[in-house]
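See below for the structure under consideration.
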């Protein structure tokens, strides 16, 4: 592939089919195969960009660029070519690490042809069709369909999402809208008869209809109920946010890029180091309180001060992990290792590998490790069936009897588990560092051994110097460990608060900025309380600009509000109390769905019928 050649859609899909890690950036096609193992945030951060336009992710979000950004650009330019159309790739999640099968290649080619059209009129396209059992034979062997009304007029429909059941309905507020009541064989133009038909429609439509069944009645199986629950989430997002047509999403992307340029002009990427001077005074006061009460024999009070010290200082580890302090890879990595590994006993390398993926595929059940918590928690109906994780290398989160039992109480166990969550972070840190083949942060070979040494240092000062030498009895040692770890509970609530109550569905064609704002919520608080939240109250702003110093997030919030008003994207913000209510309500909602599915399965086992009408 030459540097100046012009590539067509077919050329790009052929490169991906051959196993190339192909990404679109600006007006160029990038082959990132050679960059894959050099990326300090892990290879998955790159793989999630494969097969799609990642201009905003690479130019603005930059979850973690190369250690020296100039070298990252050199790596990109080695395999750079112009692309005919920026919208050439439609894979919403990337993750095409190996060659596609011939059937996948054909599907990709068919998708690319669909992008040529700009209006839903007179289009023949391949769609997924869900039918009742008695009409399945009618559709067998038919690959192409056309949808329309009795009068031959076209209407607007919910876009195709992930396969499965799709719903259509006349819009309540538009009596002139036509409901599709026929499905045609596109080759013979003959209507398909029989059954309740639910069809997907073009991704560029401008309006979506609330879901109902086109037939007067349908008995749903557990699988169909699960698919409908997922589709309901999709429909809610489609209704609440701007259209997914290419023109609308392209306009939002352009405005996002303009906002980024404004942020740079106003110096909001510049770090005010005096603010970290104030932070260090707070950290020092908390650590001094821990030492003072430890020497005084007030072990519970001392442990509380230590837990609050951990909670506060980890905000700076988060900043360093995003290179938001000095913007220098080596310096910020060392700061992150000192705070995360040595002071807190948690691997900054594990955090970066997980957190970078979270920023790219926020709240996507198959891909975002931050919401993959089965059997303890489920924030999406997609977890009510066994789900394969791309982050954990194909590990299957099985929805079994244990998960079915624990999820019934998840809104009650939320706070107790958040209190003990720090112990799980130890496990994840060591699992990352000791796993064979775990990469270093890109080409920085010193990071992994430095982390291991720093964590040993943590267990030396916390485990030996404090718990063994300074605390005389085992009862007080247990008390000290539990209280210090439980005191970090607010941090774990803050981490989950901005995402667990938000949508978890994938909307193909959705631009990066809208996806981040749709899946992320800010927390409203007065400026004098900012130190309590450590920047996590501005998660929506942070997800748009991950490398921005957190002390500038409040200044940027009005700009994001203005951007949302201009684009029509809903800006979600709640107070801390209402945010907690939203998360608990979401957990209760999923619990109700799980209970209903369990009753359905029990009814089917007894009668052979689903019992859902």
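Residue numbers in this text run from 1 along the chain shown.
Glycine residues also receive a Cβ, built from the backbone N, Cα and C atoms like all the rest.
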Next item on the list: Can you dig out which of the ranges 414-432, 433-451, 509-527, 528-546 TrEMBL describes as transmembrane segment?
Entry: 414-432
Checklist line | Annotated range (TrEMBL: transmembrane segment) out of 260-282, 329-351, 352-374 | finding: 329-351
Next item on the list: With TrEMBL as the source, identify the stretch among 232-251, 392-411, 452-471 annotated transmembrane segment.
Entry: 452-471
Checklist line | Which range of 283-309, 553-579, 580-606 is transmembrane segment, per TrEMBL | finding: 283-309
Checklist line | Averaged pLDDT, computed only over the residues in the domain 'Fatty acid desaturase' (302-572) | finding: 93
Check: Who are the long-range neighbours of the transmembrane segment (414-432) in its own chain, taking Cβ under 8 Å and residues 6 or more past its ends?
Finding: 310, 345-347, 349-350, 353-354, 376-377, 438, 455, 485-486, 488-489, 492-493, 496, 583-584, 587
